[in-house]
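**Student:** Starting off with a structure, shown below.
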Amino acid sequence: MLILIIALFALAFTGFLYPYNRGTLLTSLVIVYTLTSVVAGYTSASFHSHFEGTKQRRSVRLAGILYTVPFFITVSVLNTVAITYGATAALPFGTIVIIILIYTLLNIPFLMLGGVLGNRFGLSEFQPPSAIKRNPREIPTQNWYRRKLYQMFLGGLVPFSAVALEWHQLYATLWGFKIYTSPGIMLFSFIVLILLSASVGVILTYIQLSGEDHEWWWRSFLCGGFAAMFMYGYGVLFYLRSDMTGFLQLSFYLGYTALFCYALFLVLGTISFLASWMFIRHIYRSVKLE
C-alpha cells in the first residue's frame, strides 16, 4: 500500500491524474493495487522465512485478505444501501463482476508469484546481533508512561498533529466542494507523516525497552498506526460540522472513510515497526561490539 500511494503521487506529478476526473483515480487504484500484489506476497513470505517460519503460505494468504476482505464486505453493504435508496452511487452489476474477475485472475496469481519469489530469493536466515537467552525475562511492573494505551495515544497524536491542517483539506476535497490542486504540498505532508511515525515509534520502543519490557513487536505497530484513529476521529468531527444529512450519506461517509483510514493504519503501523526493528538491531549490534 505504501508503494501504491507513492505510485499515485508519481501519476499526479506526471499529469496522468488530475482532480477533475475521479474515475481515472479509481481505475488507477485498482490497477496499481493489483500490480503491487507481487510486493505484498514477496515481503510477507520473505520476512516470514527470515525467522525460519514454516507457514509462508498462511502468511501470504493473510497479506492477501487483510485489507481486501474488509474492503469487499464494507463496499457490499454500502452498495446494498445505495440500491435500496435508488441512488446513482450504487455500483453496476457489470462493474462488480469486473472487479471480482480482476482480483481472481490477476491479484491472486500475482500474490502467489510474490510469495514464491520471497520464499526463494528473500531475506537470509536471521542472525541475532548479540547473545540471547533461551527463556524470556519476566517483565516488571511498568510506570504509567510506559503502558500500552498511553504510548499508543502519544504515538498517534504527534504525527497527526503535524498534518491535521492538510488532513482537513483532504476531507474537504473528498467530501466537500473543493478541488485539490497541490499534490506537492500533500506529498510533503505525507513524507512528514512517515518520518514522524518512524521517529516516534523508535522513541517509544526505546522507552519500552528501558523498562525491561521486551514485547515491543505489536506495540510498535499499534503506536504507529494509531495516528489513523485520530484521522478517523477527525473525520467524524468533520461530518458533524458539514451539511451532509441522511442515512445514505452517513453510511457512505463513515464506511469509505473507515476503509481509507484502515489502509493508513496498516501503512503507518508497518513503518513504525520496521523503524523500530532496524533501530533495535543497530543498538544490540553496538552492545555486541562493546
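Backbone N, Cα and C define each Cβ position, glycine as well.
Below are the features listed in TrEMBL for this protein:
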- 27-45: transmembrane segment (TRANSMEM)
- 65-87: transmembrane segment (TRANSMEM)
- 93-117: transmembrane segment (TRANSMEM)
- 149-165: transmembrane segment (TRANSMEM)
- 185-209: transmembrane segment (TRANSMEM)
- 221-240: transmembrane segment (TRANSMEM)
- 252-280: transmembrane segment (TRANSMEM)
**Student:** Output the single range from 65-87, 93-117, 149-165, 185-209, 252-280 maximising the number of Cβ pairs under 8 Å to the transmembrane segment (27-45).
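**Tutor:** Result: 93-117.
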**Student:** Return the stretch with the most CB pairs under 8 A relative to the transmembrane segment (65-87), choosing among 93-117, 221-240, 252-280.
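**Tutor:** When the Cβ pairs under 8 Å are tallied, 252-280 comes out ahead.
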**Student:** For the transmembrane segment (149-165), which partner among 93-117, 185-209, 221-240, 252-280 gives the most CB pairs under 8 Å?
**Tutor:** 221-240
**Student:** Are there 3 or more C-beta pairs under 8 Å linking the transmembrane segment (93-117) with the transmembrane segment (252-280), counting only pairs at least 6 apart in sequence?
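**Tutor:** Per Cβ check, the transmembrane segment (252-280) does not touch the transmembrane segment (93-117).
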